[in-house]
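Trainee: My questions all concern the structure below.
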């Protein structure tokens with residue numbers, strides 16, 4: 001772990017160039033707009049180590065490679081997120097020397113990710129082999145207003161000589177995936193044309209025929225004056241380029257403005273791609289770079305208004321939390337309900353797939369509190385739209401009814417191929433049910449239940465109904481062969497969390513049925529018909545709820561993670577020699593499985609989700625038992641521990657856990673940031689501030705706050721959207737001040753007292769009084 | 001399941017050609033000689049469905065393809081058995097028509113695997129599109145006297161016309177593997193030369209550089225007279241050929257005799273391959289086809305003398321048992337102690353690898369009783385030679401000492417890549433220890449213990465010592481996270497069989513230590529030094545033996561397969577609708593895992609291995625409990641059930657189980673024979689006759705027999721080698737007659753009476769008296 005980034009409130013800044021950390025920076029400085037995104041690869045040629053990555057949301061490849069002995073019911077494919085056309089490329093040649101930071105001295109290097117305004121910039125002086133020095137300034141962004149548009153300004157200034165600057169702007173689809181077996185390439189050329197004004201390249205993916213057309217155009221300026229140049233164009237397989245050569249005297253700046261539109265067959269007909277791309281490109285170019293950048297700055301200002309968190313007294317924490325919020329907003333903006341939140345966003349290809357239970361367990365709470373409720377609603381509808389595929393999936397596994405959502409998916413189909421995950425990590429179904437509860441509880445939007453919610457809930461309950469079986473030995477319902485959120489146990493029996501969330505799903509489904517029966521009887525009748533819901537089913541659910549088996553240790557009075565957990569040697573992480581960590585890099589898989597060590601909250605996940613059902617003492621006993629055995633080798637783990645620690649008053653532990661999640665990527669904590677950022681876990685970091693330190697919950701239609709200030713901070717404040725109002729919650733040593741930034745009044749509770757924050761009004765509570 | 005083969009005592013015979021069953025026949029009619037082997041592909045071109053397969057023992061490819069999320073400690077590669085140079089090929093053109101059984105009418109087709117004499121023959125009349133009829137007679141074998149040599153006689157006779165017969169004899173290394181991802185090919189050309197007299201082709205495998213040189217030569221005869229022809233030779237990438245065109249009048253027979261030598265870098269230096277191949281070929285050709293065939297017939301006669309079983313009154317059973325013995329003898333002859341017994345022998349590429357625990361659990365007993373003890377000793381030494389790699393493997397998984405043998409291997413390294421097998425199916429270590437006991441008990445060769453045995457036993461005991469852990473909850477030693485022989489359970493805790501065989505290994509190791517201490521004290525001291533064996537270790541083993549936890553059901557008084565087994569719904573296979581079977585094709589993996597259904601003996605495996613430690617009542621209770629839940633979807637399962645059923649007097653059940661194993665491939669029982677034969681399970685079939693119906697055991701240096709005759713048979717007899725004597729055991733309704741075919745007297749027990757069978761003598765016991 002090397003901390004090489006400058007601490008700054010609003011930017012991520014790297015102040016010198018080090019090839020050893022370049023791939024990490026490529027991940028961290030990534031930019032995206034929910035539609036496309038890319039790693040911070042250099043525009044100019046770079047022959048050093050680099051992971052090239054340009055990604056178009058929703059474009060993937062179904063890899064059917066098999067190894068070992070395939071089992072019946074295994075998914076058909078593993079979805080690979082595809083590295084697509086490199087559209088940022090600008091090759092630079094100074095006289096006859098190609099600019100390549102791997103082959104020259106680099107001075108005054110500064111790379112900056114401006115999170116406030118949403119762009120990536122870079123400047124440096126390159127000292128070429130012959131002593132010639134050129135200054136380069138590059139800035140680029142992907143527009144959050146015009147999803148298809150990317151824009152680059154790339155400026156070159158000879159500092160100590162006069163000569164020629166050759167600039168080759170290109171689109172290159174002859175790219176690779178790092179995770180490709182046998183160096184297979186996944187793109188085929190469809191069409192291309194290189195011309196002086198506008199060039200384009202259309203590729204399609206193998207097998208699924210996703211088409212992507214990239215259209216580029218560019219202007220060249222010298223010292224601010226546009227040049228009337230006639231570029232030399234070139235084409236080769238999956239490649240088009242335009243070349244200009246400009247004479248530049250010492251001190252003169254040659255700048256290229258490159259505009260690109262990337263359109264895909266997900267949004268346009270095959271015959272329309274080129275024209276659509278050209279049109280979008282022409283509009284953008286007509287607006288011009290500065291206007292596009294202005295749009296970008298304004299767009300990001302609006303985002304920050306909804307989601308910013310201010311931490312006083314700890315700039316490092318300030319930077320970190322903004323980085324997390326920024327990456328989340330770059331990854332998903334809710335505008336396309338076919339999309340979801342990939343675990344690495346647009347920062348890498350690892351893990352494939354786009355949708356995990358991370359979305360429901362971690363991201364939904366973030367978007368609920370920081371954006372219009374439409375966005376989280378769309379995340380829920382995404383699953384509703386996949387209900388038929390989830391039912392097919394359950395059928396494929398031999399269930400006669402019900403739905404099993406996939407563990408990993410691009411389009412509703414399961415696309416991960418390890419049985420212990422695909423078939424067994426079924427708690428995901430519970431998280432998907434829970435997200436419905438969470439959404440309705442947070443927004444008060446009960447209309448969702450009749451419109452979409454019950455169908456999903458009922459099919460999930462039906463799945464649980466069949467997934468348990470009655471144990472004559474225990475005289476209880478048991479659930480065999482599951483993997484819980486703690487993936488360091490596989491194929492275990494009676495995973496407490498899974499049993500609990502299964503029973504909870506059935507409880508909530510019955511509650512929703514009662515609600516609809518009482519309040520939307522026509523729709524309810526319609527749904528009974530559509531679902532063919534039978535009384536014997538709901539009775540069965542009640543029976544399972546009443547007779548579910550929960551492993552429990554009477555002596556310690558803790559829930560047992562699963563049957564047999566106490567057969568393990570119970571060792572604390574702190575008693576394990578450091579050289580064993582991280583276990584997933586140091587230990588073999590079987591040793592991990594046999595050990596007591598926990599990758600990620602499991603019992604605690606249940607106590608978090610169902611927090612209002614368990615008293616503090618219960619939470620304390622379980623936290624005290626499990627936390628010391630938890631290695632937090634999932635990026636999703638520490639945040640939950642932090643939140644529960646806050647609740648238990650373990651403030652130091654809470655802050656320790658917060659630190660592990662907050663700067664996970666910025667400090668490359670898990671030593672894998674070069675593969676991409678841990679995007680979904682960033683929502684967990686946000687949760688640990690808002691739900692942990694802020695103590696935010698929603699109960700009885702009130703927004704509940706139980707804040708405290710970590711001792712390392714002087715104060716903090718955060719924005720939170722709640723039922724059409726936007727509140728700013730400011731926590732200082734003295735006061736808790738909740739300011740309503742909208743016209744809509746909001747019902748809140750601070751600790752145990754209720755208040756109404758009037759439209760544009762404020763509630764100020766003295767902490768000394770309130771916390772008593 | 002289609003039974004299309006003719007029942008015959010000594011041959012497998014197919015009497016008409018059906019493309020639909022051709023691939024099954026290709027498996028069944030395979031030939032091999034322990035060094036090389038091949039599927040029964042046609043010599044002439046065949047454009048129909050076919051699985052081409054020529055295999056050289058010990059030549060493999062380490063496939064490193066990865067899918068999903070690789071885990072730490074996973075094996076580096078999956079070993080692929082490679083399809084190698086097609087050396088049988090002879091293209092036939094009649095006038096201008098290529099002979100291809102997919103494109104003509106086929107009459108009088110007969111394919112025969114002559115098991116008595118060890119060759120494959122085929123004859124047919126092809127009616128070409130233009131009505132021309134040709135008769136073809138082909139015979140080929142791979143020599144069991146000259147391992148590198150294959151010989152083919154291929155004769156063509158125009159029946160109703162006169163014309164030209166073009167014969168192209170070739171070597172073609174441009175072959176594929178069915179299990180190759182991305183149609184990757186694994187062979188590279190090294191050298192070749194096509195010449196009129198002798199042509200050769202040298203290829204090497206990718207990555208491991210195994211070199212294989214095939215050298216061919218041929219003679220052409222017309223009506224029995226050798227022709228002086230000058231073949232036209234041709235070469236292309238990985239291919240050499242020689243072509244002759246012969247005029248043949250109606251009724252004239254043109255016959256080509258093709259001789260091939262296949263030599264590999266496993267046995268020769270790279271520079272010697274071509275010369276060595278040429279020399280071997282020249283010798284073989286000089287001997288001539290008829291002499292080679294005579295050698296083959298004599299060689300097989302000697303094999304049958306040692307291993308034949310005669311069944312009277314049931315030709316189908318007679319054919320089946322000989323088929324099984326024949327395949328085993330084709331696969332392994334003990335002459336190369338670097339080789340072992342692949343699960344498919346030379347009949348297919350599936351499963352990769354060459355060595356499974358099948359060898360110790362099933363094949364060692366076969367070779368112990370049917371061949372010189374040197375052969376089973378070599379199988380044991382094979383593992384001894386891999387001890388260092390097994391120790392490395394244990395280290396890789398985090399053990400500080402001890403040895404874990406691989407689940408699948410080519411050279412001592414693990415080469416299978418599913419964690420639940422590789423890391424967890426550790427009972428294999430027990431089978432390897434047990435084979436040492438079995439060998440010593442059978443042969444009386446206690447010298448093996450000091451020479452090799454103890455080292456292996458001690459290192460395996462050390463593995464078990466660390467693989468268990470003390471459960472404070474149970475106050476016993478437990479073993480977590482294992483997969484037993486029943487692979488329909490994964491990652492279970494306290495698998496009874498594994499716990500039992502682990503404790504047994506330690507018991508036996510201590511017994512061997514005591515024996516060596518008392519009888520070979522110098523060697524013992526040497527071994528203590530070499531092994532750095534400490535008293536604290538043997539004490540620890542004693543403690544584990546005394547305090548091992550064995551799951552047990554007090555109510556039913558049965559051993560429990562693993563913890564939690566009684567949480568399952570206990571259903572009998574007979575109560576499961578037939579359409580669910582076989583489960584591995586009809587059910588998803590998770591459903592199989594959660595069910596009670598058993599792939600293969602697990603508790604029963606233990607009761608079989610340690611049969612002298614459990615009384616009949618215990619065996620009966622466990623058999624009665626587990627047998628009804630067993631689906632026998634491992635080809636290794638029914639034989640054990642058959643043996644135990646025999647012991648329990650369940651004669652009908654024993655016969656039913658025997659039938660499932662005996663004709664498994666001949667009747668394509670599991671619907672997968674087209675992939676190759678279930679070679680190792682054939683040893684199980686042999687066991688069910690000898691140890692089941694024959695009741696053969698070895699105890700207290702006596703060969704014990706407790707035979708009975710299945711009601712479907714009139715009598716049976718079998719050969720058995722025992723301590724330098726070869727006995728023929730004949731069981732009729734009236735008598736049990738044991739004839740000694742050697743000079744060496746043998747101590748035997750029939751039921752409960754002991755006898756000595758003198759050299760060349762006989763013991764005859766009336767069954768009516770004996771079984772009382």
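Note that the numbers count up from 1, one per residue, in the order the chain is shown.
The backbone N, Cα and C atoms fix where each Cβ goes, glycine too.
Model, not experiment: these values are computed from the prediction.
Below are the features I grabbed from TrEMBL:
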type: DOMAIN; residues: A:14-266; note: domain 'Glycoside hydrolase family 65 N-terminal'
type: DOMAIN; residues: A:322-687; note: domain 'Glycoside hydrolase family 65 central catalytic'
type: BINDING; residues: A:357, A:358, A:599, A:600; note: substrate binding site
type: ACT_SITE; residues: A:487; note: active site, proton donor
type: DOMAIN; residues: A:696-757; note: domain 'Glycoside hydrolase family 65 C-terminal'
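Are these features on the surface or tucked inside, and what touches them?
Mentor: The Cβ of residue A:599 (substrate binding site) lies under 8 Å from the Cβ of A:486, A:487, A:488, A:584, A:630, A:631, A:632, A:633, A:634, A:637, each of these being in the same chain and 6 or more residues away along the sequence.
Residue A:487 (active site, proton donor) carries neither a helix nor a strand DSSP state and counts as coil.
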Trainee: Across all the protein chains here, work out how many other Cβ atoms are within 10 Å of the Cβ of residue A:600 (substrate binding site).
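Mentor: If we count other Cβ atoms within 10 Å of residue A:600 (substrate binding site), we arrive at 22.
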Trainee: Long-range neighbours only, meaning 6 or more apart in sequence with Cβ under 8 Å: which ones does residue A:358 (substrate binding site) have?
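Mentor: Long-range Cβ contacts: A:341, A:343, A:636, A:680, A:681, A:683.
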Trainee: Near the substrate site, what residues other than A:357, A:358, A:599, A:600 in the same chain have a C-beta no further than 8 Å from the centroid of the listed C-beta atoms?
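Mentor: Leaving out the recorded residues gives A:356, A:361, A:485, A:487, A:634, A:636, A:637.
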Trainee: If you measure every Cα to Cα pair among A:357, A:358, A:599, A:600, the residues listed for substrate, what is the largest value in Å?
Mentor: 16
Trainee: Suppose we draw a 10 Å sphere around the Cβ of residue A:487 (active site, proton donor). How many other Cβ atoms does it contain, all chains included?
Mentor: 22
Trainee: Helix, strand or coil for residue A:358 (substrate binding site)? Use DSSP.
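Mentor: SS state of residue A:358 (substrate binding site) = helix.
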Trainee: Can you check how the pLDDT averages out over the domain 'Glycoside hydrolase family 65 C-terminal' (A:696-757)?
Mentor: 96
Trainee: Taking the Cβ of residue A:357 (substrate binding site) as the centre, how many other Cβ atoms fall within a 10 Å radius?
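Mentor: Result for residue A:357 (substrate binding site): 24 neighbouring Cβ atoms inside 10 Å.
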Trainee: Which secondary structure state does DSSP assign to residue A:600 (substrate binding site), in the simple three-class scheme?
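Mentor: In three-state terms, residue A:600 (substrate binding site) counts as coil.
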